[in-house]
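As given in TrEMBL:
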- 33-85: domain 'Acetyl-coenzyme A synthetase N-terminal' (DOMAIN)
- 92-485: domain 'AMP-dependent synthetase/ligase' (DOMAIN)
- Arg195, Arg196, Gly197, Lys198, Thr318, Asn342, Ser532: CoA binding site (BINDING)
- Gly394, Glu395, Pro396, Asp418, Thr419, Trp420, Trp421, Gln422, Thr423, Asp509, Arg524, Arg535: ATP binding site (BINDING)
- 540-619: domain 'AMP-binding enzyme C-terminal' (DOMAIN)
- Val546, His548, Val551: Mg(2+) binding site (BINDING)
- Lys619: N6-acetyllysine (MOD_RES)
Amino acid sequence: MTEQSPALDNLLTESRTFPPSEDFASRANATADWYAKGDEDRDAFWAEQAHRLHWDTEWSQVVDWSDAPFAKWFVGGKLNVAYNCVDRHVEAGHGDQVAIHWVGEPGDTRDLTYADLKREVSKAANALLSLGVSANDRVAIQLQMVPEAIVAMLACARIGALHSVVFGGFSPSALRQRVDDAEAKVVITSDGQYRRGKAAPMKANVDEALEGAESVEKVLVVRRTGDDLDAEVPWTEGRDVWWHELVDGQSEEHTPEAFDSEHPLYILYTSGTTGKPKGILHTSGGYLTQAAYTHNAVFDHKPGEDVYWCTADIGWVTGHSYIVYGPLANRATQVVYEGTPNTPHEGRHWEIVQKYKVSIYYTAPTLIRTFMKWGADIPAKYDLSSLRVLGSVGEPINPEAWMWYRENIGAERCPIVDTWWQTETGAIMISPLPGVTSTKPGSAQRPLPGISAKVVDDKGDEVGKGGGGYLVLDKPWPAMLRGIWGDNERYRDTYWSRFADQGYYFAGDGAKYDADGDVWLLGRVDDVMNISGHRISTTEVESALVSHPTVAEAAVVGATDPTTGQGIVAFVILRGGAEGGGDEAIQELRNHVAKEIGPIAKPRQIMVVPELPKTRSGKIMRRLLRDVAENREVGDVTTLADSSVMDLISSGLKTGGDE
Ligand code: PRX
């Protein structure tokens, strides 16, 4: 075959484009001239964005990159993050505006206005102070999606303590590892959580995690499941305190102190290639500036008019930046939902959209593909006419899933913003602007105004239009991580060593430019396959499979192959009602991929499976599928959301499905 390309081959092409309507464009927050403004004078551009916040002390320098890769933004500036997200809206006369329409899984609801939020956050801040928490201390939070989770985060920010939110579904050992690494002084959790209609214990797991944990002095417990929990809540006298007993009695007055722009705001752990999770560190002024800017520009959010809903969990960065900090800084009214999307029925999200007249909806491709699997007749039963902007985040969105989203949720009217970013970037980096960009299904398209990113080859040279390679960020950005907690060397090694000569941040993702120069994300470079010397992205083959009418979801891996180096093995989930397990149907799918991408990408094998192994944040664990494809014993499954999935796949394969 041809010589091995240095980076990724560019295979899939897409020619559909959807310009914004004139009406949308004429009212849009962000306009086309922002790109030029961002390029011509980046500092002035970011200074203007930072001025959307309230600063107690103005900065003297926009960015100091002299100690790269450790950035300082808005040097010398002082602000209080919680004041910016809560108090200033109340002071401006919006105390009665609903900040949070909270929907519990069992059907209970609670509305919190900005005035309520100010009271709750002030009381919680006073409560933390009474427990001996002060600025720079760390507080671990393991809570499901209840208002107290948001209140607790803002209370930490208000007093300058760092929060480390740990996803509610994480195991005791995962919690313990994070508590120890950050030396958390206080842990905030709940008695139990509702999951798929049942009350499950939470505090009991936290207690197991904290046995012998030296740094922890107090555990603050939100009462959520109460009497619905079968077992008694374990209690350690002297250490454990009920949230309602401590917080409810506190004063509603708390004067926020202004902290330095670079004062640490939070640590959020993300998995690394080695077993030890990385504590990604974010700071205050730059982070809040970019979170608020992107929420305003990318979602076209209008305070007091829109009802916004981001379906993420606060255990992930999306919940931090696009449920807590960005939307609240922008005075959003938002929906926060506690439960799973199919409890008690598969129309739950659409029922909520209809009830609260949600106008901006931001979710993940994995959920969109799940909705596809459940069938378009489900959203069709609800009035979704309030929607005006749809967002996607977390993985590449396959063009067909994008089209399904556009047609069945967005009524072919709502712009879709496919937003690329990472825990490390803190906020959105690459995305269409909904009132400017002609969107293309499957492409994140272009770095936002003020942001710079490039696709480069092995040597760090930018590839041309139609070329594939590695995604790098070549200029510092306000919300960038400031390091890995306690490990500066790992920070340099992980992100800055691959293109050290150029000083680029390497994101770990493969990407390509299409003929128009738009960026397409192709998945993590460790997921890339090498077929007869061609570097083929798993994402492109998955998208080709999902473009077949019978397929709802697909995961593709490269398995060792004696002739081609690696062979493509695909695992597919069929759409609701589709028949497709037979030999003929499998052959048709293989040919379909060959037709869409080229014969080089034709899968060697396709297996029909009932489920795919996913992490709790919805990312497919290809490592496990590779084990199956190469007939190995399946490796560690502890980070799977549902560990029985691998048994399902293996037993299904024994009874056929493989051609
Ligand atoms: O591979 C990219 C993928 O998710 C990674 C970051 O994951 P995490 O830190 O958990 O943050 C997820 C929420 C921001 C990226 O390196 N990713 C995220 N968004 C997209 C994406 N891949 C393609 N398109 C996206 N829109």
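Each Cβ is built from the backbone N, Cα and C atoms, and glycine gets one as well.
For Gly394 (ATP binding site), the same-chain residues 6+ apart in sequence whose C-beta sits under 8 angstroms from its C-beta are Thr318, Ala364, Pro365, Thr366, Ser617, Gly618, Lys619. Checked against ligand 1, the recorded positions Lys198, Gly394, Arg524, Ser532, His548, Lys619 give Gly394, Arg524 as the ones with a Cβ under 6 Å from it, listed in sequence order. Spatially, by CA atoms, the binding-site residues Thr419, Trp421, Thr423, His548, Val551 include one closest to Arg195 (CoA binding site), and that is Thr423. For Val546 (Mg(2+) binding site), the same-chain residues 6+ apart in sequence whose C-beta sits under 8 angstroms from its C-beta are Arg369, Asn398, Pro399, Glu400, Ala401, Ala552, Glu553, Ala554. In the three-state DSSP assignment, the secondary structure recorded for Val546 (Mg(2+) binding site) is helix.
Pairwise Cα distances among Gly394, Glu395, Pro396, Asp418, Thr419, Trp420, Trp421, Gln422, Thr423, Asp509, Arg524, Arg535, the recorded ATP-binding residues, top out at 27 Å. As a summary of secondary structure, the domain 'AMP-binding enzyme C-terminal' (540-619) carries 24 helix, 27 strand, 29 coil according to DSSP.
Counting other CB atoms no more than 10 Å from each candidate's CB, the binding-site residues Lys198, Arg524 peak at Arg524. For the recorded positions listed here (Arg196, Lys619), the lowest count of other CB atoms within 10 A around the CB belongs to Arg196.
Note on proximity: of the binding-site residues Gly197, Lys198, Asn342, Ser532, Val551, the one nearest Pro396 (ATP binding site) is Val551, by Cα distance. Of Asn342, Thr419, Trp421, Thr423, Arg524, all annotated as binding-site residues, the residue with the shortest Cα distance to Val551 (Mg(2+) binding site) is Asn342.
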